[in-house]
Amino acid sequence: MKFLISILLLATISFANEMLAPKDYPTGEVGKLVKLGEDIVNNTDTHPLTKDFVGNKLQCKSCHLKGPDGKVGTGKGISSWVGTAAQFPAWSKREKTVQSLQDRSNNCFMRSMNGKRLIVDSKASMAIAAYITWLSEGTPIKMNEKGPWSTHNTKLYPKGVKHFKAIQKKATHENYLAGKDVYAKKCASCHGQNGEGIAVFPPLWGKDANGNWLSYNTGAGMSKLDKAASWVRSNMPLGQGGSLSDQEVADVVLFMNAQERAPFDLQKALLPKEEMGYYNSAVLEEKHTVESNFKSLGLDLQQIKTGK
Ligand code: HEC
Ligand code: HEC
């Protein structure tokens, strides 16, 4: 297993130099759209074109991190957008259909942003696709039968997810306590004692004083223990991705994803059919809770949290 992790690490490091946005924006209307897309992915929860489609206090940049050029999605870890547009259309196991880049982004609205899918081909949806496509300029197009992830992520993400699943299936109450400790030492200074977020540091779970959900819901990739671990290992603590051991990552994610977050019910998350038009998915019923996400790895949430 150590061998596999060294390969993952090496692969991450060797991508480091490639991860930059192109130097110049396109000209004309396309250039305007790319800039609009960039504004939206930076300010998703407050931007006039998207705020009504967001149900938490996150932005796309909260998970699709900035790289050294300051552009959202050029961070070298898992969830980079460099090359992503060249991977679509791509098969999605979750929706059991071949998805477009716009479909994929809209699903992050409904899950990671705890909101609603944008109308495909609305200005905001098109602008986000234009921005991500700009970041992918120069990447050769490759048909993608396996998963809707970027060129870089298809190499790293599924392996990391599998690796963490094996570790997390064995989790006990002791791991929860160890995770709580890692959280207090390595995460709370930015994300808050209760996951509520501090200033520019985004919230990880829970509600605000008015009862509004703060972070991703239980249908998001990040709410799945193994997926979140793969992401956290690569990206957190901010600027020090890869510094925690696999066990520390597994434990801190066990703690983080055991806390309260919005339940996901696909039918409630979709806009009314007249408004939304066609929804490109063969899966039309899907529900998740914190408990069910734990159960999917054979874990009992109550037992993990209380030891009883
Ligand atoms: C809470 C974290 C989170 C937020 C916020 C988020 N995403 Fe994602 N996104 C992910 C994760 C994790 C994946 C990959 C794993 C998966 O499919 O479960 C992903 C995958 C994607 C992909 C597929 C390509 C890739 O990089 O793997 C696109 C496109 C995307 N997101 C767009 C968006 C857009 C647009 C927004 C803002 C509206 C957004 N995301 C907000 C976590 C997030
Ligand atoms: C130095 C500050 C800092 C530390 C320490 C830190 N983070 Fe983050 N984290 C951030 C920032 C900033 C973002 C969002 C990136 C952005 O907005 O540019 C983020 C994003 C996230 C996200 C996705 C967005 C969300 O709010 O759900 C998760 C999950 C996360 N961090 C988990 C962790 C965990 C777990 C630890 C501890 C192991 C940790 N972070 C430590 C600053 C930090």
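Just so it is clear, glycine is given a Cβ too, placed from its N, Cα and C backbone atoms.
Automated prediction, rather than curation, is the source of TrEMBL annotations.
Among the features that TrEMBL reports, signal peptide is placed at 1-16. Among the features that TrEMBL reports, domain 'Cytochrome c' is placed at 32-136, 174-260.
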Exercise for the section: Give, as a single whole number between 0 and 100, the mean pLDDT over the domain 'Cytochrome c' (32-136). Expected result: 96
Exercise for the section: Mind tallying the domain 'Cytochrome c' (32-136) by DSSP state, helix then strand then coil? Expected result: 44 helix, 8 strand, 53 coil
Completion exercise
DSSP composition of the domain 'Cytochrome c' (174-260), residue counts helix/strand/coil, works out to 42 helix, 4 strand, 41 coil
